[in-house]
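Reproduced below are the annotations present in Swiss-Prot:
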{"type": "DOMAIN", "residues": "69-98", "note": "domain '4Fe-4S ferredoxin-type 1'"}
{"type": "BINDING", "residues": "Cys78, Cys81, Cys84, Cys127", "note": "[4Fe-4S] cluster 1 binding site"}
{"type": "BINDING", "residues": "Cys88, Cys117, Cys120, Cys123", "note": "[4Fe-4S] cluster 2 binding site"}
{"type": "DOMAIN", "residues": "108-137", "note": "domain '4Fe-4S ferredoxin-type 2'"}
Amino acid sequence: MSTPTSNAIEIPNESAFSLKDFLSSFMLSELFKGLALTGKYAFRSKITLEYPEEKTPLSPRFRGLHALRRYENGEERCIACKLCEAICPAMAITIESEVRADGSRRTTRYDIDLNKCIFCGFCEESCPVDSIVETSILEYHGESRSDLYFTKDMLLAVGDRYEPQIAAARAADAKYR
C-alpha cells in the first residue's frame, strides 16, 4: 500500500515581522530611493536651454526655410525642369515656365506652400542645378495661411539674403553629396 501524500500549502509565520517589512509597509524605502535619485541629479549641470535666448547648434543638413539661388552673374539657377514639382510628395510646389528667345526655359512662377510642405528635402535632392535649397532658418512665422505661401520673388529674396550661409552649409556638406 502506498502512503498518502500531503497537498497542504505551507503558510509563512506572520508573527515574524522585521523592521524592513515595517518600513516598506509605509513605503518609506521607495521614498528614500526617490530622494536618492533626485539628489543624484540635483547638482549636475543643466541640459535644458532657455530657447529664445539660448540656441542649440544646427547641423549643416538641417532642413528649414526654402530659398532659390542665383549664379554669380545674377541669373537665377532654376531651369524649369520641374523635377522638384514632380517629386514633392505633399504637392506643395507649383511651377510655370516659358521658353526664352535664346531657347532656354525659365520659370515665370515658382510657388511653395509651406502649409503643405513636409520638409523632406526631395526637392533639394532632385534639383540638377542646385537651385532650390532648404536653409538653416527655422524661425519664421505667418499670421495667416497666406503668409506661408512663398512666391518666386520671395524665395529669391531669401536666397539673396542668406547666400553666404547657404554656400557655407553646402561646402560643409559637400563630401557627403
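Along the chain as shown, residues are numbered 1 onward.
Positions of Cβ are set from backbone N, Cα and C atoms, glycine also.
The structure displayed is predicted, hence computed values, not measured ones.
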Hey, of the binding-site residues listed (Cys78, Cys88, Cys120), which one tops the CB count within 10 A?
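By the 10 Å Cβ neighbour count, Cys78 comes out on top.
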Out of Cys78, Cys81, Cys84, Cys127, which of these binding-site residues is nearest Cys117 ([4Fe-4S] cluster 2 binding site) by C-alpha distance?
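Closest by Cα: Cys84.
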Say you check the Cα of Cys78 ([4Fe-4S] cluster 1 binding site) against those of the binding-site residues Cys88, Cys120, Cys123; which is nearest?
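Closest recorded candidate to Cys78 ([4Fe-4S] cluster 1 binding site) by Cα: Cys123.
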Which numbers of helix, strand and coil residues does DSSP report for the domain '4Fe-4S ferredoxin-type 2' (108-137)?
5 helix, 9 strand, 16 coil
For the binding-site residues Cys81, Cys84, Cys117, Cys123, work out the Cβ neighbour count at 10 Å and name the residue with the minimum.
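Each of the binding-site residues Cys81, Cys84, Cys117, Cys123 was scored; lowest Cβ tally within 10 Å is Cys81.
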I need the CA-to-CA distance for Cys84 ([4Fe-4S] cluster 1 binding site) versus Cys123 ([4Fe-4S] cluster 2 binding site), whole Å please.
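Cys84 ([4Fe-4S] cluster 1 binding site) to Cys123 ([4Fe-4S] cluster 2 binding site), Cα-Cα distance: 4 Å.
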Give me the sequence-ordered set of same-chain residues, not including Cys78, Cys81, Cys84, Cys127, with a C-beta within 8 angstroms of the centroid of the [4Fe-4S] cluster 1 site's C-beta atoms.
Ile79, Ala80, Lys82, Leu83, Glu85, Ile95, Cys123, Ser126, Pro128, Val129, Ser131, Ile132
Reduce the DSSP letter at Cys81 ([4Fe-4S] cluster 1 binding site) to three states and note it down.
coil
Hey, for the [4Fe-4S] cluster 2 site built from Cys88, Cys117, Cys120, Cys123, who else sits with CB inside 8 A of the CB center?
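In sequence order, the nearby non-listed residues are Cys84, Ile87, Pro89, Ala90, Ala92, Ile93, Ile112, Ile118, Phe119, Gly121, Phe122.
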Run through the Cβ atoms and count how many others sit within 10 Å of the one on Cys127 ([4Fe-4S] cluster 1 binding site).
20
Given the model, what does the mean pLDDT over the domain '4Fe-4S ferredoxin-type 1' (69-98) come out as?
95
Work out how many Å separate Cys127 ([4Fe-4S] cluster 1 binding site) and Cys88 ([4Fe-4S] cluster 2 binding site) at their Cα atoms, rounded off.
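Just about 12 Å between their Cα atoms.
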Rounded to a whole angstrom, what is the C-alpha distance between Cys81 ([4Fe-4S] cluster 1 binding site) and Cys88 ([4Fe-4S] cluster 2 binding site)?
13
